[in-house]
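**Student:** Here it is, the structure in full.
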Amino acid sequence: MSVVLPHPVRTHLCNSSIYKFKKHPPPAAAPAILPPPSTLLMRINYCPKFSSRRNGLFISRAEDKARGSSSTQPQSDSDNQLEELNPSGTCDPLCSVDETSSEDFEVTTNQAKTDSLKAFAILAAAGTGAGAINHSWVAENQDLAMALLFGLGYAGIIFEESLAFNKSGVGLLMAVSLWVIRSIGAPSTEVAVSELSHASAEVSEIVFFLLGAMTIVEIVDAHQGFKLVTDNITTRKPRTLLWVIGFVTFFLSSVLDNLTSTIVMVSLLRKLVPPSEYRKILGAVVVIAANAGGAWTPIGDVTTTMLWIHGQISTLQTMKDLVIPSIVSLAVPLALMSFTSEVNGKGQDAADVLATEQMAPRGKLVFSVGIGALVFVPVFKSLTGLPPYMGMLLGLGVLWILTDAIHYGESERQRLKVPQALSRIDTQGALFFLGILLSVSSLEAAGILRELANYLDSHIPNIELIASSIGVVSAIIDNVPLVAATMGMYDLTSFPRDSEFWQLVAYCAGTGGSMLIIGSAAGVAFMGMEKIDFFWYFKKVTGFAFAGYAAGIAAYLAVHNLSISVPTTLAEIPFLSGS
């Protein structure tokens, strides 16, 4: 007995032939003849093209072949119409629910096994670590144990994508474990607690500074304040646009952090240039410019901020000595890229219409106050002598009160206020810095970094080569722990404030990450936003970035050795001269 179903239930398009079925429904003269439920064989199928979505249910015809009943003419027509869904006649294009359910069960079972293995591995590692920490060998070989643990944790950070572990969690676990080992190997627990308190005070200054800066930038971005900058980019000539994008990003990154500058400028590129090789080149320019722009100001990059807060560099002297090398490190790649086929190719002109989002009410006011708060931080430090994070918190407090006042009673604009902005900032990034800095401080407290510094001094006496090596290594691994380790290896008695070594470290750690796309936060952001392949960047950009990096070092050495200074009226400002 055959069944004619005049109206399929929850039909889902699998291919174009479904339209043929809809155009020729079964004749009205042939009503559906439904057998008893016990003999109705119905298959609920999934469309294989959409099986991963778990929808697109079909109800196909069912035949009671055991009864051997013949079909009527209307049924034959229906058979022909349904056969159009499977013109080959070899197999049903739909997968049975039994097969799909079986696959789902297998996937769920395998996932459960994988999760169980991961949980067991984590518990086993935790148990092994706890047992090892209590072992007397750790107390007798503290330096080796801490070095091994730091290396293991750092490997987890580097390969976080492969291991599926977030680097912030790995950093925090590493920090706590290292300090536990330090407390065991220290002369007494009181000594370890004192060292930890001192380290926590220094690390907290950086974390508070970053949280305040990220929140201010997020508020300005929520008000579309950066449109005041990006909307003024009107040129559409490929080579001109290359230079304009580079230097706009350069100066934007000197005030903001390089990560935020990259996000803002890459978002702009999506509106200016259609997807193409040329847009990828422009995105790479944004990465190079963001890192170069953040290297010459104390608030432009987290590594320069770390050096500034801890007293290794000052505001004005660093800006005067590093602005020329930073510009050179950008200008050289721009000049070389200007001759590439992607930039000189035809048909790269962007559209004249720039579709941008509407600026929020009072967006210009919020932009002015926010940027003013960031720029005021060095001035606040010079005037009061208080740590920079206090100036950043002052600016955040002012902006908080301002946004509450201008958006009072506007319930639909809650996202423009500070509480909502706090939920959108990169908190896990701040926790990563906390874990890394606490980990490095434990190595410093144990004297391991001092021993490493002595080894480098005896084998690499050239400080320029040491600083340059730090920049090259920062292209492979994160520059934050590198700079933190360098600060622990060399104190101000070895190299005084604003010495050539510290300024080179600030420049090299800031710009060296441009050589690989994974070498900086800006590169990683660009990689994720534009889906850039690691090897594409390596083939197309790494050579240009390295040329700029080396040219910047040469420019710094020339400026420093020839005593060339940048003319500026800022030197006449008393409260900036020693900041």
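Keep in mind that glycine also has a Cβ here, set from the backbone N, Cα and C atoms.
Got these off TrEMBL a minute ago, pasting:
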REGION    61-89  region 'Disordered'
COMPBIAS  68-79  compositional bias 'Polar residues'
DOMAIN    155-487  domain 'Citrate transporter-like'
TRANSMEM  241-269  transmembrane segment
TRANSMEM  281-299  transmembrane segment
TRANSMEM  322-344  transmembrane segment
TRANSMEM  365-383  transmembrane segment
TRANSMEM  389-409  transmembrane segment
TRANSMEM  430-449  transmembrane segment
TRANSMEM  469-492  transmembrane segment
TRANSMEM  504-529  transmembrane segment
TRANSMEM  541-559  transmembrane segment
**Student:** How about the transmembrane segment (322-344) and the transmembrane segment (365-383): at least 3 CB pairs under 8 Å, pairs 6 or more apart in sequence, or not?
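**Tutor:** By the criterion, they do not touch.
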**Student:** By Cβ distance under 8 Å, which residues at least 6 away from the ends of the transmembrane segment (504-529) in the same chain are close to it?
**Tutor:** 258-259, 261-263, 266-267, 283-284, 286-288, 290-292, 294-296, 300-301, 303-304, 307, 312-313, 318, 322, 325-326, 329, 429, 463-464, 467-468, 470-476, 479, 482-483, 486, 537-538, 541-542, 545-546, 548-549, 552-553, 556
**Student:** Can you tell me which parts of the same chain pack against the transmembrane segment (241-269), counting only residues 6+ beyond its ends and a CB-CB cutoff under 8 A?
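**Tutor:** Cβ under 8 Å, 6 or more out: 213-214, 217, 221, 226, 229-230, 233, 235, 279, 281-283, 285-294, 296-297, 299-302, 326-327, 330, 334, 337-338, 343, 350, 371, 374-375, 426, 510, 520-522, 525-526, 529-530.
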